[in-house]
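Trainee: Once you've had a glance at the structure underneath, I'll fire off some questions.
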Amino acid sequence: MIDFGNFYSLIAKNHLSHWLETLPAQIANWQREQQHGLFKQWSNAVEFLPEIKPYRLDLLHSVTAESEEPLSAGQIKRIETLMRNLMPWRKGPFSLYGVNIDTEWRSDWKWDRVLPHLSDLTGRTILDVGCGSGYHMWRMIGAGAHLAVGIDPTQLFLCQFEAVRKLLGNDQRAHLLPLGIEQLPALKAFDTVFSMGVLYHRRSPLEHLWQLKDQLVNEGELVLETLVIDGDENTVLVPGDRYAQMRNVYFIPSALALKNWLKKCGFVDIRIADVSVTTTEEQRRTEWMVTESLSDFLDPHDPSKTVEGYPAPKRAVLIARKP
């Protein structure tokens, strides 16, 4: 059973303590009623992983853990087999005692695009909305964050996160909660809030921006990364049934339109930090994610378009401040 007691004890002593008015009951309800049919299998994989304290831990340049003496072939095989029980691995990569998890996404590339534009993360309390397996949270800790809290309702991601955490020596500087942002009270407690790869899945994107703002302290920083299309401040794509084979894509604005949305929600100092086309080198099928990936979602005769005929995925990073 994945235990959230350490997180409750941690926030009981800091400025997130008011969250304890609602959080334990929400988690208890989740544990009682909402578990995926494979959750027991996934949580068993985490339980059977060995307790290891890394001799060398690098979260600044990657997510890498190494032992003082190389593990035996049998130990490595055990870790690899258990981690493969948690496939598909979408966000990473991870290098853990000789087991290299080559994930669908090169999330390190995204981090390299985002990091130069951030305010210094040293000592910050961070919320990562839609955090996936938690890769970027570990990189936030590597960049000096005091505490990274991720929320993502996908239960496989929770188990992947807990597996990595266990292999990082049960590191308590990052925590993942199986919640959506709509389940959070207006905490107004985080120095930096990240929302990366979430906005286009929201039926009401402006409501999502307000929800993000409600989590920030005054003067806090929002880091927003999402799909965009080319165009002026009035350009927004509303896809039909699917976009790049995804059913749950609702609004894809231009970067300039997104800037206006942020302004409408009361953010200031809004800047477009990066715009990049997603390549089939950054998102692809691997041994750790064996089903369809980006190359299958693009027009085989014109990779500048999706199979539905829309512009191929392009992503922007916008940085804004809550006054």
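Easy rule for this one: first residue shown is 1, then count along the chain.
In case you wondered, yes, glycine gets a Cβ from its N, Cα and C as well.
Fair warning: this is a prediction, and the values are worked out from it, not measured in the lab.
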Trainee: Let me know which member of GLY130, GLY220, GLY231 Swiss-Prot also records as binding carboxy-S-adenosyl-L-methionine at the site of LYS91, TRP105, LYS110, ASP152, PRO153, THR154, ILE181, GLU182, MET196, TYR200, ARG315.
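Mentor: Carboxy-S-adenosyl-L-methionine site check in Swiss-Prot: besides LYS91, TRP105, LYS110, ASP152, PRO153, THR154, ILE181, GLU182, MET196, TYR200, ARG315, the record includes GLY130 out of GLY130, GLY220, GLY231.
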Trainee: In Å, how large is the greatest distance between any two Cα atoms among LYS91, TRP105, LYS110, GLY130, ASP152, PRO153, THR154, ILE181, GLU182, MET196, TYR200, ARG315, the listed binders of carboxy-S-adenosyl-L-methionine?
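Mentor: The span, Cα to Cα at its widest, is 26 Å.
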Trainee: Suppose we draw a 10 Å sphere around the Cβ of LYS91 (carboxy-S-adenosyl-L-methionine binding site). How many other Cβ atoms does it contain, all chains included?
Mentor: 23
Trainee: Residues with Cβ closer than 8 Å to the Cβ of LYS110 (carboxy-S-adenosyl-L-methionine binding site), same chain and 6+ apart in sequence?
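Mentor: In sequence order, HIS136, MET196, GLU225, GLU282, ARG315 meet the Cβ cut-off.
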Trainee: I'd like the number of other C-beta atoms within 10 A of the C-beta of GLU182 (carboxy-S-adenosyl-L-methionine binding site), please.
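Mentor: Looking across every protein chain shown, the total is 10.
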Trainee: Which ones in the same chain are close to TYR200 (carboxy-S-adenosyl-L-methionine binding site), with CB under 8 Å and 6+ residues apart in sequence?
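Mentor: Listed in sequence order: THR226, LEU227, TYR243, VAL249, TYR250, PHE251, ILE252.
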Trainee: If you draw a 10 Å sphere on the Cβ of THR154 (carboxy-S-adenosyl-L-methionine binding site), how many other Cβ atoms land inside?
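Mentor: Taking every protein chain into account, the count is 16.
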Trainee: Translate the DSSP assignment of THR154 (carboxy-S-adenosyl-L-methionine binding site) into the three-state scheme.
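Mentor: The three-state answer is coil.
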